[in-house]
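Okay, structure first, notes after.
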């Protein structure tokens, strides 16, 4: 089958491609769904993301206008809005399966078409976001959350795809739910600061801590999976730092709002 195993402890051979049977078992006429090579899948997805970006970019310019101060910021979230909902949707069954299998090493090695397509798709998104960002919204690409974050994950997930450990990473993409909420806000579709903070805390702080505990069990036990823990730790600190910054911003806004109401009431009394 497309997910061939080698004799070394059931490890999977690298670069076996992405069978599209996870989308449709068969095409009309009983034709089996094709198996794309990694290169074919990545090229097709990159092309789809570029087309989608062009459509959303035009929508942003139409809705906000060329003189809107947030136009470039909104552009920088177009690719995220295209990608993150699918990452989150794929992570849900991945998390359920992981819990059912009790997070065993056998589970982490049991790569599926969905896990490979999703994680490899995330790598493609990171590449496209950096390239398009450099060309079209360079000033919006932050050093830490843009260049460093993307390059670090490209490197890590390239190893994950090569070693066929994509099943192990799939549940992490549940954290993309917070990115969906952020993208909706920055693109001026819907913004609620309290919803943003609540969702971010739920999936990128609380859930991330849970995942740290899950992978701590593999440290010193599994040479294939223990390193996940050490890569998760700096990501967890970045998430916590962002949440603290959000909380401080909310407190400033609350104090400013309270002061505005107090001054308005005082002016009315005078």
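Placement of Cβ uses the backbone N, Cα and C atoms for every residue, glycine included.
All TrEMBL annotations are machine predictions without curation.
Note that the structure is predicted; figures quoted are calculated from it, not measured.
Cross-referencing 8-27, 168-187 with TrEMBL places the feature transmembrane segment at 168-187. When the ranges 119-137, 252-270 are checked against TrEMBL, the one recorded as transmembrane segment is 119-137. Most Cβ pairs under 8 Å with the transmembrane segment (194-215) belong to 227-247, among the candidate stretches 144-162, 168-187, 227-247. Remote same-chain partners of the transmembrane segment (168-187), defined as residues 6 or more beyond its termini with a Cβ less than 8 Å from a stretch Cβ, comprise 56, 60, 70, 73-74, 76-78, 80-81, 83-85, 87-88, 90-92, 94-95, 98, 107-108, 114-115, 118-119, 122, 157, 160, 195-196, 199-200, 202-204, 207-208, 211, 225, 228.
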